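Q: Feature list, courtesy of TrEMBL:
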COILED    224-251  coiled coil
COMPBIAS  598-617  compositional bias 'Basic and acidic residues'
COMPBIAS  618-634  compositional bias 'Polar residues'
COMPBIAS  635-644  compositional bias 'Basic and acidic residues'
COMPBIAS  658-669  compositional bias 'Acidic residues'
REGION    598-669  region 'Disordered'
TRANSMEM  6-21  transmembrane segment
TRANSMEM  33-52  transmembrane segment
TRANSMEM  103-126  transmembrane segment
TRANSMEM  146-165  transmembrane segment
TRANSMEM  177-201  transmembrane segment
TRANSMEM  378-396  transmembrane segment
TRANSMEM  425-446  transmembrane segment
TRANSMEM  466-489  transmembrane segment
TRANSMEM  523-542  transmembrane segment
Amino acid sequence: MSGAALGLEIVFVFFLALFLLHRYGDFKKQHRLVIIATLLAWYLCFLIVFILPLDVSTTIYNRCKLAVNSSPAESNGSYVTVAPSKQKCFKPWSYIPNGIMPIFWRVVYWTSQFLTWILLPFMQSYARSGGFSITGKIKTALIENAIYYGTYLLIFGAFLIYVAVNPNFNLQWNQLQTIGIAAANTWGLFLLVLLLGYGLVEIPRSHWNGAKRGYLLMKTYFKAAKLMTEKADAEENLEDIMEEVRKVSESIKYNHPLRKCVDTILKKCPIEYQERMGRNMDDYEDFDERQNSYPSEKSLVKLHKQVIYSVQRHRRTQVQWQILLEQAFYLEDVAKNETSATRQFVHTFSSQEPENKIIQYFYTPTVEWYWECLLRPWFYRVLAVVLATFSVIVVWSECTFFSTNPVLSLFAVFIQLAEKTYNYIYIEMACFLTIFFLSICVYSTVFRIRVFNYYYLASHHQTDAYSLLFSGMLFCRLTPPLCLNFLGLTHMDATISHKNTQPTAYTSIMGSMRVLSFIADGFYIYYPMLVVILCIATYFSLGTRCLNLLGFQQFMGDSEMTSDLIDEGKELIRREKRKRQRQEEGENRRREWKERYGNRDDSTRNRVVHTDQKESSFSETNTSRSLSKYTRSNGRTERDRIELLQDAEPLDFNADSINDDPLESDSGR
């Protein structure tokens, strides 16, 4: 089993990252380099979280071996027996041989740092660039990142000069490397505590509120009102951008040098706008013969960037609106079925997607009623209590993990009790649950936050390339300090425990923080206590209230604005529901008509065809006089019908006024 657990987790984490990226990204439409870079960033961060418990159990076993080797001992199979105390150091089932973990952590850590500080920022600018060639996009990305890279180089240079001038520091390559790691971890820890303080309170509270009857429905109404405003704004913005594209397309003809750029912009437009603009593209015009003012290439690059952004935003709001409608209809069905006497869940609308037959077999309407109306609220309440307990333990441990005598951190107490009996399965499960809960609190906040329309992770393949790359940057910057904070909570970090024991392979890669004592003994110890203040602020929704005062609508039960938006959203959902019902009623009527009269229509049609064939054969046997008579009559009738259609003047509904006399119109016949 040596190394098998490591290989299994590597494969499992890869498919987990691939699944999440498929949920938020779009493999078909987004650039392959964006998908690969984001997948690599997510994969490395998730891999660190899953592999670290194996590193802890391996380190505990190595410490036991060192303790045994320092006293008279004898080897026995897969463990070592100490002669005086008969102590046994069992090898864990997930033991990783020496030399593998340091190389593994070094490759993972420095690859993630290269992604977050160099590659991903460059790819962000490259993805949002409106350039029409690879060279133009690279040039734009370099210019935009020059200030970004220059700022960090300036800070690092100033810090390096301070260390070089200070006589207390003796600069060496390992110490310089540790200083760089400490600087990156300090920035990450600053952001980590902010996100952790929000997630420790919001995750249990969201599950508790999800068990309340009607809470989710009211919040869905609120979201519907906000999303409709955003949807209308996106449609208006798209119309304005498409109008600019139309003007540019009409001014730049086929033989213009910038026509290729215009064609590239048109390919990014929605199909209906492409067809509308293509109708006025038949005229050929030599741009040298007319002294018109044509847009420059720089303005076309800016327009191309606006088109990409507006189309992505419009498509995202349309998809989110349909998803929100389905969610609102389902929550209304839940509220309606709670008082059902038959205890069978009845849907107002049938599912538009074909359901799995296996799910239909087990998840019957009766099972669905018991789950949605009875079991689900209680399950969410129990889960909220468990998550709240974990949050309290994390807050207590964050405030007391620096105390080693006595040990006050509960996570350290659990690990030390298991270490005495060398119960490696318990150690790995305790470590995994701890770091997994910390990761959920931090990563879920990254998925929830929204910075206007510049950063927003939207599910159902609606996240743009810029947001995907930005999330990869955040994960790579948050994960190393998150793991160091976890090792500090469990006292597996020698800097915290103040014990001369073998460190974990992950800590050895980070280096000794004693090089910067004011960070190791000050910032890393006391800054995590700030999580208490952040949890209190999140519990009383201080941030939400501040945003509401600034004009950003937030869901608050005691706000008049929230009540107005809930009523508006309820009316919007009711209107869409009536529209959906009329559509289904029309489809049902057409289906019933086809089923009832379809065969009769076919027989009538066959009878008419048979009669026409008999009449035509009978007319062929008639005299030429009667044939010419009917022929003249039919021809006269058809000729009168054609002349009547030609005399009809089409109405221009786009005109400002309609003249009574069609001859006075400018268009003419």
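Every residue, even glycine, has its Cβ placed from backbone N, Cα and C.
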Q: Looking at the stretches 6-21, 103-126, 146-165, 425-446, 466-489, which one shares the most CB pairs under 8 Å with the transmembrane segment (523-542)?
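A: Per the Cβ under 8 Å count, 466-489.
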Q: Should anything in the same chain at least six residues away from the transmembrane segment (33-52) have a Cβ under 8 Å from its Cβ atoms, list it; otherwise answer none.
A: 6, 9-10, 12-14, 16-18, 20-21, 25, 27, 104, 108-109, 111-112, 115-116, 119-120, 123, 127, 431-432, 435-436, 439, 465, 468-469, 471-473, 475-476, 478-480, 482-483, 486-487, 506
Q: Given a Cβ distance threshold of under 8 angstroms, which distant residues of the chain, six or more beyond its ends, lie next to the transmembrane segment (177-201)?
A: 113, 117, 156, 159-160, 163, 391, 394-395, 438, 440-442, 444-446, 474, 477-482, 484-485, 510-513, 515-516, 519, 523-524, 527-528, 530-531, 533-535, 537-539
Q: Would you kindly list the residues that approach the transmembrane segment (425-446) from elsewhere in its chain, counting only those six or more residues past its ends and only Cβ-Cβ distances under 8 Å?
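A: Same-chain residues near the transmembrane segment (425-446) but 6 or more away: 49-50, 52-54, 56-57, 60, 92-94, 192, 195-196, 198-200, 202-203, 387, 390-391, 394, 411, 414-415, 418-419, 457, 471, 474-475, 478, 482-483, 485-486, 489-490.
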Q: List, by number or range, the same-chain residues at least 6 past the transmembrane segment (6-21) whose CB is under 8 A from its CB atoms?
A: 35, 38-39, 42-43, 46-47, 50-51, 54, 94, 96, 100, 104, 468
Q: Below 8 angstroms Cβ to Cβ, which residues of this chain, lying six or more residues outside the transmembrane segment (103-126), approach it?
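A: For the transmembrane segment (103-126), the list is 6, 33-34, 37, 40-41, 44-45, 47-48, 51, 55, 137-138, 140-142, 144-145, 148, 152, 184, 465-466, 469-470, 472-473, 476-477, 479-480, 505-506, 509.
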Q: Find the average pLDDT over the coiled coil (224-251) in the predicted model and report it.
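A: Value for the coiled coil (224-251), mean pLDDT as a whole number: 93.
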